[in-house]
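Okay, so here's the structure we're looking at.
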Amino acid sequence: MEVIEKAPAKINLGLDVLYKRPDGYHELEMIMTSIDLSDRLTFSPLPNKKIIIQTDNGFLPRDKKNNIYQTIEIMQKAYGFSDGVLVHLTKNIPVAAGLGGGSSDAAATFRGLNRLFGLNATLNDMVKLSIPVGTDVPFCLYGKTALVKGLGDIVQPLEHSIPQCWVVLVKPKLSISTPKVFSRMRLEELHHPNIRALKTAIEQQDYQQMTKELGNSLEGYTLNKYPSVQGIKDKMLAFGADAAVMSGSGPTVFALCQHYSRAVRVANGLRGFCDEVYLVRTLNQ
Ligand code: C5P
C-alpha cells in the first residue's frame, strides 16, 4: 500500500509585520497563495513505529529536525498507531527560500498519513496538531488563497483564489536565516503593505489593483543588505513583470505576469543572471 501526496510551494502576496509579542515572536498579517511548483511525497507503512525518510536532496536532515519526521511522530502520538512510515521525498521546491517547502511537506505528511492509516482526522484536527511544526503548515493544510494571521496559526480562506497569472521565481544563491531577519530588522523602519486593500482587490478579482498592493515588510532589510536581491527585483520589472516582490523571509523574489509571453521574457531575461529560475502558474484553489 502506497499513498502519494503533492506538496505545493506558497508565495506571500502580502506580508505585514505588526508588532513584537511578549513571547519574542512577531505578530504577522499575510495573504498567501499556492503555486504550481511542488514536492512529491510517497508514504508506505513500516513495522514498529520506525520512521525512514528517503530523499535525493543532500541538504535536508532526515531525523527529528525534519518537519516530515516531526509530523509523523505527532500523528503516531495523537492517534496511537504502532505502524512506522517510509517516506520518499522528491524535492522540487528550493530549500530555505521563503517558499514554504518544509511546511508544505509537513502538511502533505498530515494528509498522507490520514489516508494511509484511515485516521479520519478532520482539517481542524490536523491544523491544531500542526501548529508546533511550522508557521506555514496550517496555511498549507487549507491549500487555498488565504488571509493568515498570528504566527501563521489563524487561516481565513478567501472566497476567491487570486486571478490566474504566471509566476516567475528567482532564487538567488544566498542563504538567509529567518531568525536573523526578524532579530535584525528595525520595526520602526518597516514598510507596511495594505493587507486589507490587497484582500479587497483579490475578492474583486481586480488583477491590476492586486499587483499594486503586493508588499512584504521583511523585504526592506534584505534588499538593503543584499543589493543582488534588489538587482533581481529591478531586472524583473525592467523585463516587463507586472510586479515583483520577495516571498516570506526570502531570498526568493517572485514576479507576476498576466501574459505568458511577458512571463517567458522575464524568466529568460533572468536566466542570464541566476541559475535557479522557475516559471509556473498560480494554483487555482
Ligand atoms: O517560523 P520559523 O521557525 O522559520 O521562524 C524562525 C524564527 O524567526 C523564530 O524562532 C523567531 O525568532 C522568528 N520569527 C518571529 N516571528 C514570526 C516568525 C518567526 O520572530 N512570526
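Including glycine, each Cβ sits where the backbone N, Cα and C put it.
Feature list (source: TrEMBL):
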ACT_SITE  LYS10  active site
ACT_SITE  ASP136  active site
BINDING   PRO94, VAL95, ALA96, ALA97, GLY98, LEU99, GLY100, GLY101, GLY102, SER103, SER104  ATP binding site
DOMAIN    66-144  domain 'GHMP kinase N-terminal'
DOMAIN    200-274  domain 'GHMP kinase C-terminal'
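Candidate binding-site residues: PRO94, GLY98, GLY102. Fewest other C-beta atoms within 10 angstroms, PRO94. Residues PRO94, VAL95, ALA96, ALA97, GLY98, LEU99, GLY100, GLY101, GLY102, SER103, SER104 make up the record's ATP site, and a Cβ search at 8 Å around their centroid adds ALA9, ILE93, GLY248 from the same chain. Distances between the Cα of LYS10 (active site) and those of the recorded positions GLY98, GLY100, ASP136 are shortest for GLY100.
Helix, strand and coil counts under DSSP for the domain 'GHMP kinase C-terminal' (200-274) come to 42 helix, 11 strand, 22 coil. Between the C-alpha atoms of GLY100 (ATP binding site) and ASP136 (active site), the distance comes to 6 Å. Counting every protein chain shown, the Cβ of LYS10 (active site) has 28 other Cβ atoms within 10 Å.
SER104 (ATP binding site) carries a helical DSSP state (H, G or I). Listed in sequence order, ALA7, PRO8, ALA9, LYS10, SER38, ASP39, ILE93, ASP136, CYS140 are the same-chain residues at least 6 apart in sequence whose CB falls under 8 Å from the CB of SER104 (ATP binding site). Its Cβ taken as reference, ASP136 (active site) is surrounded by 26 other Cβ atoms within 10 Å in the chains shown. On its own chain, ALA96 (ATP binding site) has SER175, ILE176 as residues at least 6 apart in sequence with a Cβ closer than 8 Å to its own Cβ. Just so you know, the Cβ of GLY100 (ATP binding site) picks up 29 other Cβ atoms within 10 Å once every protein chain is counted.
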